[in-house]
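Novice: Quick one: the structure is below, questions incoming.
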Amino acid sequence: MQAIDNLTSAPGNTSLCTRDYKITQVLFPLLYTVLFFVGLITNSLAMRIFFQIRSKSNFIIFLKNTVISDLLMILTFPFKILSDAKLGAGPLRTFVCQVTSVIFYFTMYISISFLGLITIDRYQKTTRPFKTSNPKNLLGAKILSVLIWAFMFLLSLPNMILTNRRPRDKNVKKCSFLKSEFGLVWHEIVNYICQVIFWINFLIVIVCYTLITKELYRSYVRTRGVGKVPRKKVNVKVFIIIAVFFICFVPFHFARIPYTLSQTRDVFDCAAENTLFYVKESTLWLTSLNACLDPFIYFFLCKSFRNSLISMLKCPNSATSQSQDNRKKEQDGGDPNEETPM
């Protein structure tokens, strides 16, 4: 197995710029393997629990869409692991470029979009904690969810179709080598659109959590001295969303800008290009980590999910009865504490 590949000429240097692939062929496949098993177990469990919970709030609808997106992303990991470790033949690399890599980014931006919607929902819960969802709002949330999936699918499908060139050799170093001329143009357009999606949701998260922090501080000032410690502890939980967003998605999108410049323009020397490559791969792994961190959001912020999980862990046979109890509460008017209060 070749550990070092010749890539490109470094600006201002006639020697070839080489890159050590031991990290990407050994370390990252191991890290993705860990994510695959942890993510598959936790998200399969989350999927089972959410199938037992009725979609009685916008929050739960968005969480259900998130767990589906995460599970789809996780299912792409084995193909990436085999491809990066050079354990598969040329057709596997072609399949990764044409299908699984597209699905990976497709699900990434779906998750980003739903985290933005969940953030807006948490802000509304902070300012109007006793407002309940009505059927009209639930229908709107479902329609919005379908539109997000449809929009991202329509963006991603051409990337699959236009990755249609036959590889010149068995070892395809870049997926761009397999794209048609228009495929490269479309890929660039999609990259710009995805950047816009991220930055819009980035602003949503920043603005909403600034307002949430102000509201929680006002609430703390009003209730200071009353001794409502449990409420203060609950309030802190809402910040898990911004923590997941910043850990998983922000580093990649900040690293992506200089990395793209290093691929399209001669503005960095060889050492800088290699550093940017490793930074990009590291931050891409962090985006994958999101699939393992989202279950913490479900557990800490969704009481129905938390109760069902605890019941399942205590006694697996009681999970069905817990689900029936939840459904009975919903028929009787719902559990006012179904979501973690602000």
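Just so you know, glycine gets a Cβ as well, placed from its N, Cα and C.
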Novice: Hey, in Swiss-Prot do L27 and F305 share a topological domain, i.e. the same side of the membrane?
Specialist: no
Novice: Pick from C97, C270, C292, C302: which cysteine does Swiss-Prot list as forming a disulfide with C175?
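Specialist: Partner cysteine, according to Swiss-Prot: C97.
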Novice: Starting from each candidate's C-beta and looking 10 angstroms out, tell me which of the binding-site residues R93, H187 has the most other C-beta atoms.
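Specialist: Output for this query is R93.
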Novice: If you run through the topological domain 'Extracellular' (260-278) with DSSP, how many residues end up as helix, strand and coil?
Specialist: 14 helix, 0 strand, 5 coil
Novice: Can you count the other CB atoms that lie within 10 A of the CB of S156 (ADP binding site)?
Specialist: 19
